[in-house]
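Undergrad: I have a structure I would like to understand better, so I am pasting it below and will then ask my questions one at a time.
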Amino acid sequence: MKFVDEAEITVEAGKGGNGCMSFRREKFIPKGGPDGGDGGDGGSVYLVGDANLNTLVDFRYQRRYKAQAGQGGMGANCTGKAGEDLYVRVPVGTSVVDKFTEELIADIAEHGQTVVVAKGGFHGLGNTRFKSSTNRSPTKATKGTDGEVRTLQLQLKVIADVGLLGMPNAGKSTLLRAVSAARPKVADYPFTTLVPGLGVVRIELERSFVMADIPGVIEGASEGAGLGFRFLKHLSRTRLLLHLVDAAPLDDADPVQQAQAIVDELASFSPTLAQKERWLVLNKADMASAEQLAVLEQRFRDELGWQLPIYRISAINSGGCDRLCQDVMRSVEQHRRRLAEDEDYKSEQAARDQRMELEIRQSIERSRAQRAAARQALEDDDFDDFDDDY
Ligand SMILES: Nc1nc2c(ncn2[C@@H]2O[C@H](COP(=O)(O)OP(=O)(O)OP(=O)(O)O)[C@@H](O)[C@H]2O)c(=O)[nH]1
């Protein structure tokens, strides 16, 4: 599932150090020659792709990135130290555009890819450099040049690691709100989440994953009946699906049957998508007793043959959410590691994505054709009625 994340930062390379104007002054050498050293180059600013980052949110807090200036040259032919370069890590997938020239500076596509975005200033020359046969005591030294300064627009197509799946009212928005900094609207009626919400779940400073709330996938959605239809497609890219179930529905809906409806839904939409790893999350555990939950869990195992993990949470008071998120993080990290290290796994995943997209496209076409046929039938009926009346 893709979302666009944006940030604007200013990068400022270091100024080059000035060249030094100096003459050798030592005892018994009254008229020493020039000995002013060159300055050091200014540090440059680089962007480096990092596969462990997944959003640009941190750039909202720190917007200026400045590399060190070069040191000035010194007497005794000492060259000034070069300014240190600054490496700024950005998520893989970030595109970098110069705000003013609108030039695309780079698309950071690989982990470790390094691109210079502001070049350090060039060092000034010390007066030693200007010594010649005609000028043995040059008084000229040059200044270091300024480092480049640029305002960059960063754009990232965020791919959600985890998708939330479930009937309307299962508590998807509430969960997203409980575990991330996202603040989706929560209301007491179905379909409050009209646009997919996106949250970054931060486990530690450098460990996070992106969770996406997909509007309630309703029964029949893959036939084109509901909102869920459009969004099912976006679920295809996620690593893992969390299937949220209301464990204590107020009406007499049966959670197991409801879950089955969604599984059927997915399978009819795309069998490959239905095979994606899916964990069951029994929500609203605060409304059910431990025994009721245990019975429910057992029914999922017996009736649906559910073998993957089952979690019990209470999204409304964050109960159980920590453990769930820790486990999701580990699974996402494992997936990322394998994608980076294991070529076979990577191509297997790519093939699966392709298959899924093809199935999804076919589903969409099929449902369009069905709807068109239904509309046609309706129009024909109207026409018949018209004939009958007159
Ligand atoms: N008691 C209890 N209520 C909860 C819990 N989680 C969510 N709710 C309530 O359930 C209702 C629906 O929650 P939402 O988070 O809007 O559900 P959703 O799945 O995002 O629904 P849609 O956006 O309509 O698809 C809200 O009134 C929540 O306050 C929970 O753990 N315990």
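Backbone N, Cα and C define each Cβ position, glycine as well.
Straight out of TrEMBL:
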- 166-173, 191-195, 213-216, 283-286, 314-316: GTP binding site (BINDING)
- Ser173, Thr193: Mg(2+) binding site (BINDING)
- 1-159: domain 'Obg' (DOMAIN)
- 160-333: domain 'OBG-type G' (DOMAIN)
Undergrad: Can you give me the Cα-Cα distance between Ser173 (Mg(2+) binding site) and Ser314 (GTP binding site) in Å, rounded to a whole number?
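TA: Between the alpha carbons of Ser173 (Mg(2+) binding site) and Ser314 (GTP binding site) there are 12 Å.
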Undergrad: I'm checking region-level scores; what's the whole-number mean pLDDT for the domain 'Obg' (1-159)?
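TA: Summing pLDDT over the domain 'Obg' (1-159) and dividing by its length gives 86.
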Undergrad: May I ask which residues of the same chain, at least 6 positions away in sequence, place their Cβ under 8 angstroms from the Cβ of Lys284 (GTP binding site)?
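TA: Listed in sequence order, they are Gly171, Asp246, Ala247, Ala248, Ser314, Ala315, Ile316.
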Undergrad: Would you mind checking how many other C-beta atoms are within 10 angstroms of the C-beta on Ser314 (GTP binding site)?
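TA: Result for Ser314 (GTP binding site): 21 neighbouring Cβ atoms inside 10 Å.
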